[in-house]
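According to TrEMBL, the protein carries these features:
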SIGNAL    1-36  signal peptide
REGION    92-112  region 'Disordered'
COMPBIAS  99-111  compositional bias 'Acidic residues'
REGION    393-412  region 'Disordered'
COMPBIAS  402-412  compositional bias 'Basic and acidic residues'
Amino acid sequence: MTFDLKRSLRPLGIAAVCSMAAGSILPSGAPITAHAQETAVESSQASTVGIASEKPAEGPSVDLGDGRFMVPYTEKIPGTDITFEMIPVPGGKFTMGSPEDEDPRADDEGPTVEINVSPMWVAKTETTWAMYKEYMRMYAVFKSFEADGIRTVDESNQADSITAPTELYDPSFTYEYGEEPEQPAVTMTQYAAQQFTKWLSLITDNQYRLPTEAEWEYAARGGTQTAYSWGDSADDIEEYAWYFDNSYDGPAHVGTKKPNPFGLHDMHGNAAEWTVNEYSEEGYQWLKESPVDNAIDAVRWPENPWPCVARGGGWESDPPELRSAARLASDDDEWKNEDPNFPKSPWWFTDDPSRGVGFRLFRSLEPLDREALKNFWEPTALETVDDVESRISGGRGGWGLVDKDLPEAAKE
């Protein structure tokens, strides 16, 4: 089957594409099949992972008021011994952005807006190399399937397909400061992080995704409105964060500093974390003019591959860049400067500061329908669509079907 991300969208201009309810493109541009819709939605709605009928004696929990409690849980990546922990985060309302008297402060951190946030689970730590390399391995797996003519993607299952990144152009750049299993995975693009969450969701039957900016900031603040989750002063930063002054050897093992009030580690520093939002120098003026009811709707879906927003600051960042409201705008011209390919990789960056950019998993209490998930899992920028299509069609990337049978098939 020919890889064509935009086959069914060619009559539409970019404005129309980006304003569609779905807002993104599947890896063939085709509508979701009934089978894919039922598989993704029903399994997620039926999931009781992270739900208990009694409040645990200790540790974080969220009382849902109906005899159920959200509790921490550990997910094992199928086919591996690799695990990660998800922490329940209560819903609530908070003020997004920084007040004008916060010092230092950037203009793009305002104006402040009130945002409602629904209950969710958030990964205790950033996504590690141990986790991410399982997704990277799919490149060779999909190539093997293609050569053997098995598990082919067709119109009945293409909604459940992903692309897998090519091998690193220059591993010495990405891994210069380590590739230990416990270190945060870095240098992947926003698109690659999105595809990772889709891959993980379809093999686990739990909906994982990147957060909106509002969701990320709410989780980072942990119920606070101070500059950092521990207070307004950076005096205690050594206890909570890996940053420029204490990260001589690159990013540290995740979870080795104190957590924030929600029990989340490394929300400040170590690796900045992707959100799904497009970046704008105007900050949140658009939310002032067009308020939304919930943080999951507080998104400007990218119309271009960059700039997009990463949050939290990284191991090479100075303290002000680690503040809860601080924003980092991606720059493909700078971050892919050394990439010799044409088009440049839609999966990898080749230049700093990308070695300080990774991501963290989020999961909503109430599952999203598959149309809404498309926005979180697939590219909304047509230039990214074109680049991915060009790479896959030229054999420079992997494309394959993802379902619960994939981990076992990958072993054969």
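Cβ from N, Cα, C; glycine included.
Nobody curates TrEMBL annotations by hand; they come from automatic prediction.
Taking Cβ pairs closer than 8 Å, the compositional bias 'Acidic residues' (99-111) reaches residues 227, 232, 279-285, 288, 320, 323, 325-327, 329 in its own chain, all 6 or more past its ends. Under DSSP, the residues of the compositional bias 'Acidic residues' (99-111) split into helix, strand and coil as follows: 3 helix, 0 strand, 10 coil.
Counting residues of the compositional bias 'Basic and acidic residues' (402-412) by DSSP class, helix then strand then coil, yields 6 helix, 0 strand, 5 coil.
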